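Structure first, then comments.
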Ligand SMILES: NC(=O)c1ccc[n+]([C@@H]2O[C@H](COP(=O)([O-])OP(=O)(O)OC[C@H]3O[C@@H](n4cnc5c(N)ncnc54)[C@H](O)[C@@H]3O)[C@@H](O)[C@H]2O)c1
């Protein structure tokens, strides 16, 4: 198969869909890989490394779209890319169709086949291509929190780990899933006193078993949260209710009970945030202050560490890319339920219920489009 890797052109996106190691793996299976010049630069991979791994470097994004049967990238195509997509071309990337009607209609018009990273789903209902980014954001949260706790950045001026003779900081983590677990681990590693709250008792049992001594678990309810935020120096928001907006666990009135300079890192901001006063911010201007409480609400935290994020993402995507290249999408999706659930649009027809419902579009069954493609 001919695979194309364009350079991401969305504002401030430095990740890339395939690393030189991924190219080498695809070359082993005799596939052709075209990489746009400087596509990997933002993540620290140079054109020469891709060439050494067996890729052909093409000068423009149009060349890549023009040559490739399958496009492998990171973010959804943006307006400038729509006209480059060819009928029947397979696009394997994040799409988040339910948040963009414009994108959905564009993919339908271009008669593209869109396999969305975010809906690839395992039998245990886990989302293997979202987990790596949650891991990155979770581990980043205490790092960012520690930074904004420093006085020059308007924080309380407290060191997470304290020093001998001085108590460490108190970190409250709301939600003990992927993000929360990684956040608790890093905060604990830095020496903080950590409290993790969740409503899932089984999850709290697991965390209690595996976490170090300076992490305690507590059931999440309004009473416990109100008590904990009085002494918290850093709060990490990491809750998720699948398919719904995040609940506001810290409301506007509660800020007044927190100490000046407390830092809130609301990782769940992409689902509306679990802190009422959080509004999405960017890496250029990550924080704002309300009632002397510092809010950090960057919606794409992994974007700040593209080297780690690209490797984490491509570790998870590459086995699927290889399957798609070896078998073609029809056969790969027939043999692999995870991948089939990733199909959102096939030759311009919407096959994913959530997308059809979001934009009131006709839903076509995956089986029927696969049969049609096979015939
Ligand atoms: N900002 C970013 O850059 C970024 C990056 C990755 C993920 N995220 C977001 O982070 C959030 C968490 O993701 P995840 O992968 O950890 O999800 P997850 O499903 O692994 O974990 C969510 C946890 O929240 C718990 N929960 C639900 N309601 C709760 C409540 N009322 N109180 C306490 N806990 C509650 C659940 O039981 C679950 O354990 C999501 O919104 C995700 O989209 C943001």
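The first residue you see is number 1, and the count goes up from there.
Positions of Cβ are set from backbone N, Cα and C atoms, glycine also.
For reference, TrEMBL has these:
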{"type": "ACT_SITE", "residues": "96", "note": "active site, proton donor/acceptor"}
{"type": "ACT_SITE", "residues": "270", "note": "active site, proton donor/acceptor"}
{"type": "BINDING", "residues": "15, 75", "note": "substrate binding site"}
{"type": "BINDING", "residues": "134, 198, 203, 220, 239, 240, 267, 268, 269, 270, 298, 299, 300, 301", "note": "NAD(+) binding site"}
{"type": "DOMAIN", "residues": "4-137", "note": "domain 'Alanine dehydrogenase/pyridine nucleotide transhydrogenase N-terminal'"}
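Features per TrEMBL, on structure.
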| residue | record | CB count, 10 Å |
| --- | --- | --- |
| 15 | substrate binding site | 27 |
| 75 | substrate binding site | 20 |
| 96 | active site, proton donor/acceptor | 16 |
| 134 | NAD(+) binding site | 22 |
| 203 | NAD(+) binding site | 17 |
| 267 | NAD(+) binding site | 33 |
| 269 | NAD(+) binding site | 23 |
| 270 | active site, proton donor/acceptor | 18 |
| 298 | NAD(+) binding site | 24 |
| 300 | NAD(+) binding site | 19 |
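By the rule that a residue counts when its Cβ sits under 6 Å from some atom of ligand 1, the recorded positions 15, 75, 96, 267, 300 yield 267, 300.
Distance between Cα atoms for residue 300 (NAD(+) binding site) and residue 75 (substrate binding site): 11 Å, as a whole number. A straight line from the CA of residue 239 (NAD(+) binding site) to the CA of residue 270 (active site, proton donor/acceptor) spans 11 Å. Binding residues for NAD(+) (134, 198, 203, 220, 239, 240, 267, 268, 269, 270, 298, 299, 300, 301) extend across at most 26 Å, taking the greatest CA-CA distance.
Separating the Cα atoms of residue 96 (active site, proton donor/acceptor) and residue 75 (substrate binding site) is a whole-number distance of 9 Å.
Across the domain 'Alanine dehydrogenase/pyridine nucleotide transhydrogenase N-terminal' (4-137), the DSSP tally of helix, strand and coil residues reads 51 helix, 21 strand, 62 coil. When averaged over the domain 'Alanine dehydrogenase/pyridine nucleotide transhydrogenase N-terminal' (4-137), pLDDT in the model lands at 96. With respect to residue 298 (NAD(+) binding site), the closest of these recorded positions in Cα terms is 270, chosen from 15, 75, 270.
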